[in-house]
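S.K.: First the structure, then my questions, so here it is.
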Amino acid sequence: MDPAHLLALDARHVWHPYGPMPGQVEPLLVTEASGVRLRLADGRELVDGMSSWWAAIHGYRHPVLDAALAEQAGRMSHVMFGGLTHEPAIRLATKLVELTPPGLEHVFLCDSGSVSVEVAVKMCLQYWQSLGRKGKRRMLTWRGGYHGDTFHPMSVCDPDGGMHSLWRGVLPEQVFVPEPPGGFGAPVDQSYVDLLARVIEEYADELAGVIVEPVVQGAGGMRFHNPEYLRVLRELTEAHDVLLVFDEIATGFGRTGTLFAAEHAGVTPDVLCLGKALTGGYLSMAAALCTPEVADGISRGELPVLAHGPTFMANPLTSAIANASIDLLLSQDWQASVRRIETGLRAGLARAADLPAVADVRVLGAIGVIQLDHEVDLAVATKVVTECGVWLRPFRDLIYAMPPFVCTDAEVRSITEAMTAAARTA
Ligand SMILES: *Cc1c(COP(=O)(O)O)cnc(C)c1O
């Protein structure tokens, strides 16, 4: 079909993320992707600064991942997971247990990040229910977070940015504390620690769990915080009989410079969510891992099972790709790649801080952020960055990049130049 016709059908029938129907802004038509480049129907090529929403860490059409997919498709693409099991899922679960912080031993594989957060919350609520502490059914989180778009995850997203007001009376009412003080290297603010202690103590009888994104708050505002707050949360939750959930869907698999962001704090949560880069951006999969204590608690309840079972749970194709993606990551000096990208982002964005409309520039691992003092004009920004040969998708007041780890220095430079150009005009 010719591109104009495809785009007309797209506008008429196809819903896009966070968009109206029919669509108002024409999306770019992609025909192929390889390495870190997206090829458009009009022949242009764009360096992808987004890793397809932070997932495609190895770039596109990686020969190792392509081969893993073809190999698994030659055996079986899918079988149900109730009553059946298979090597790709067993290997994946075992690998995740080995790689994640010590103490997480059990793995629930599911289809998307939001679903893994649903499962994590269900684990927390059911744990306390099983122990007869039925009042403990709320979650506490700090503001500025993002945990997905289904209902329970929405209830722990930032209450102002997350469209909560639309859902008053529908979403469970969770307990919010202010967002953590900004800055990975900023000194610990004792008054914030005291506040966390006060609120967790006050609500302890109602709280099933605390859920946070460790170190980096992603889609809620691309903010970084001192990992020490995670140690504080670990101590407080243990002291007050509250479970701790880390949502590492965005930070997992190297993005912040450690394999998992929890490692910056040396902390093991009771439940851990993974997604996005888990499959190198090829297919949708997520995981909720938990400790034996959580699993034992659930199994002692009236209903001794975790009542959750997606149709495509542990899909073999997806599991095989996840295994190949993780093995590929670990087979190389990925820390050096992330450090190299971090250096390139810092150097490339250094001068952006002096631009008139720029409120802040921050970099951590393979994450670079320019925060403006106003909302980005998305149409203008998209035009400017694509003219620089780069794909970025700013939101709110944020122009940011999360490049694939295989970006060369020159490609990182193109990305930072495009970000700076957008900050100047959008
Ligand atoms: C993207 C994201 C989610 C939601 O994952 P989906 O696969 O889009 O459902 C949840 N939590 C965090 C931290 C995320 O970045």
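One is the number of the first residue shown, and numbering goes on along the chain from there.
Glycine is treated like the rest: Cβ placed from N, Cα and C.
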S.K.: Hey, TrEMBL has substrate bound by TYR146, LYS276, GLY309, ARG393. Any idea which of TRP53, TRP334 it lists too?
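M.R.: Looking through TRP53, TRP334, the residue TrEMBL assigns to the substrate site is TRP53.
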S.K.: Of the candidates ASP48, ASP241, ASP247, ASP377, which does TrEMBL annotate as part of the pyridoxal 5'-phosphate site that also includes GLY113, SER114, PRO310, THR311?
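M.R.: Looking at ASP48, ASP241, ASP247, ASP377, the one TrEMBL places in the pyridoxal 5'-phosphate site next to GLY113, SER114, PRO310, THR311 is ASP247.
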S.K.: Could you tell me which of these binding-site residues, GLY309, PRO310, has the fewest other Cβ atoms within 10 Å of its Cβ?
M.R.: GLY309
S.K.: In DSSP terms, helix, strand or coil for TRP53 (substrate binding site)?
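M.R.: Where TRP53 (substrate binding site) sits, the three-state DSSP reduction gives helix.
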S.K.: Enumerate in sequence order the binding-site residues GLY113, SER114, PRO310, THR311 whose Cβ-atom distance to ligand 1 is under 6 angstroms.
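M.R.: By the Cβ criterion, which requires under 6 Å to ligand 1, the hits are GLY113, SER114.
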S.K.: For the C-alpha pair, I'd like the distance in angstrom between ASP247 (pyridoxal 5'-phosphate binding site) and GLY309 (substrate binding site), rounded off.
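M.R.: With distance taken Cα to Cα, GLY309 (substrate binding site) is 20 Å from ASP247 (pyridoxal 5'-phosphate binding site).
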S.K.: To the nearest whole angstrom, state the Cα distance for the pair GLY309 (substrate binding site) and SER114 (pyridoxal 5'-phosphate binding site).
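M.R.: Here the two Cα atoms lie 14 Å apart.
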